[in-house]
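Asks: Here's a structure for you.
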Amino acid sequence: MSSLGRILSVSYPPDPYTWRFSQYKLSSSLGRNRRLRWRFTALDPESSSLDSESSADKFASGFCIIEGPETVQDFAKMQLQEIQDNIRSRRNKIFLHMEEVRRLRIQQRIKNTELGIINEEQEHELPNFPSFIPFLPPLTAANLKVYYATCFSLIAGIILFGGLLAPTLELKLGIGGTSYADFIQSLHLPMQLSQVDPIVASFSGGAVGVISALMVVEVNNVKQQEHKRCKYCLGTGYLACARCSSTGALVLTEPVSAIAGGNHSLSPPKTERCSNCSGAGKVMCPTCLCTGMAMASEHDPRIDPFD
């Protein structure tokens, strides 16, 4: 009984009024905290989802599956939620980068217009293919005729060298040592075999075949790239703005009031920047989403990330 009395004396405060006041103060503070908590959750109902998405984005941004053409990490052991978070994060980054490129190009066009710089080559930012012929520019659809003329000139030159120039140098000038006719005569073979030099013929035929094959490959590459381009914007990624007729400015029309007996000159028309294209004169192509490709998708089998 004495120990029970000690426990009761220790458990309860000696003053009942102080105990009631402290209990009321504690309950009021807990109620206030609950009301504040409910208020914050009502103001921001998506706080939990945002926190989860931000944590998922942080995890996805720090994880790199493909660091280069030779280093690809194994992601087969990832959980399903991790895979979904990484897909969502990377898709969002793709569209954000595309929007940044679109705005940067619009701003670049505005700056070029203000400075009076007109460069049409920047409008066609398509990949160029290096030529197999030295000292020639990269192969595009514009200079394809130049490549045709160059290849035909090389083939004609090789044929003329093997058919006319080489026999003349060999027979009349004695360049090249023993002629092929003397070699055939020394072996007591029919002289009809000496009418064609196999060395010159093989050199000429091989050169013509190699140049023709390479030219066919280059032409096929150009045609394939043309098929990959968007059919609406022709690979530029942008279309002409229909509101300002690709000028970037709108003419403000004001009503003109005629005053009897008055000769007043009309005020010059006022212009303002087009709000549809932001003064660039071009808008985003809705088909390719500024990529210039015929199909913009991660499922496109024609897109090689290591090309």
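Heads up, the Cβ atoms here are built off N, Cα and C, so glycines get one too.
The feature ubiquitin cross-link is assigned by Swiss-Prot to LYS58. Per Swiss-Prot, the feature region 'CR-type-like' maps to 208-299; the stated evidence is a curator's inference. According to Swiss-Prot, the feature repeat 'CXXCXGXG motif' maps to 230-237, 274-281, an assignment based on a curator's inference. Among the features that Swiss-Prot reports, repeat 'CXXCXXXG motif' is placed at 241-248, 285-292, with the record citing a curator's inference. The annotation transit peptide is assigned in Swiss-Prot to 1-55. Residues or ranges marked as transmembrane segment by Swiss-Prot on the basis of sequence analysis: 146-166, 199-219.
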Asks: For the region 'CR-type-like' (208-299), would you mind checking the mean pLDDT of the predicted model?
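Replies: So the average pLDDT across the region 'CR-type-like' (208-299) works out to 77.
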Asks: Could you give the number of helix, strand and coil residues in the repeat 'CXXCXGXG motif' (230-237) as assigned by DSSP?
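Replies: Grouping H, G, I as helix and E, B as strand yields 0 helix, 0 strand, 8 coil.
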